[in-house]
Ligand SMILES: Nc1nc2c([nH]c(=O)n2[C@@H]2O[C@H](COP(=O)(O)OP(=O)(O)OP(=O)(O)O)[C@@H](O)[C@H]2O)c(=O)[nH]1
Ligand SMILES: [Mg+2]
């Protein structure tokens, strides 16, 4: 057997059925990461475009033709014995009926079940990218708790699944009161991330936590401060902070400011080119923040981002 190459470029498919279930196959036990479940896919041949490799691998492994393909995330990952660049695509339609054409076992699982299944270590951010929506709402800077409560509830009723409660104008006690009302009343489909200090999070097990970049730096070198079943995110502004977020085990990051924004007029914007570069190097889903609107979503996803985080761009006009 020849030695493994040092770095491989891999096309990976998250094949999603109409009911939201995702197709996993099991790796043969004699292969790299053998015996674990995986998303189907395989290595690009020299000079082969990644989407062509994806179509070929899925044809070879599952005997189907993929038809609707969108970029999900790309992950550079160093295993002890191999460097991989996983380029992951979501496949939402195909022709034919998938079968393990190489004799490999198959199963369809819900996004939530992915947490329970042994996958290769590089796959954790893929699982997070699958579980996260493409829009991350950040509450507008209002001082009226009632208006904020109604706005968040309306957003959740309208389908928003990921919401950060950011209210610099509220006193701490009022903030926590509002947070508790929302945690009690929001539907299970919506996840609320709070800002603040660890003790407040430890007493609110349903909440996620969004760290400031200063908190992220203060936690450097420490253990993940929340258990794996709670959402942990961080505000990042450069490559160093993205690396810290990853090292701390954050589930995702925001990267800002991508474009100039009214809420932070003095912060120099990263620009699209640098945001794309930083996102490609990161090993976690990255929401772009700063001057982002719903109309930017397609470009952000095509550039490797998870989606957009926005204050002004995503809330109903009457809230602002
Ligand atoms: N297909 C796939 N590969 C993954 C995943 N996660 C992950 O780390 N990898 C790694 O990516 C590399 C390439 O995958 P592969 O073994 O499927 O390649 P292939 O289909 O071309 O296989 P072959 O070499 O037997 O022809 C392997 O080192 C594998 O461990 C995943 O979810 N799906
Ligand atoms: Mg394969």
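Just so you know, glycine gets a Cβ as well, placed from its N, Cα and C.
Record features, source TrEMBL:
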DOMAIN    5-134  domain 'Nudix hydrolase'
BINDING   27, 32, 38, 39, 40, 41, 123  8-oxo-dGTP binding site
BINDING   41, 61  Mg(2+) binding site
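Positions of TrEMBL features highlighted on the structure.
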residue	record	contacts (Cβ under 8 Å, 6+ apart)
27	8-oxo-dGTP binding site	33, 34, 35, 36, 37, 38, 104
39	8-oxo-dGTP binding site	12, 13, 14, 15, 22, 23, 24, 25, 88, 123, 126
40	8-oxo-dGTP binding site	12, 13, 15, 23, 25, 57, 58, 61, 62
41	8-oxo-dGTP binding site	10, 11, 12, 13, 54, 57, 58, 61
Other residues, Cβ within 8 Å of 27, 32, 38, 39, 40, 41, 123 Cβ centroid (8-oxo-dGTP site): 10, 12, 25, 33, 36, 37, 119, 120
Cβ neighbour count within 10 Å of residue 61 (Mg(2+) binding site): 20
Secondary-structure category, per DSSP, in which residue 38 (8-oxo-dGTP binding site) falls: strand
DSSP-derived structure type at residue 27 (8-oxo-dGTP binding site), helix or strand or else coil: coil
Residue 61 (Mg(2+) binding site) in three-state DSSP notation: helix
Averaged pLDDT score, the domain 'Nudix hydrolase' (5-134): 96
Local Cβ density at residue 123 (8-oxo-dGTP binding site) - other Cβ atoms counted within 10 Å: 23
Binding-site residues (32, 38), the one with most neighbouring Cβ atoms at 10 Å: 38
For the domain 'Nudix hydrolase' (5-134), the number of residues DSSP places in helix, strand and coil: 29 helix, 51 strand, 50 coil
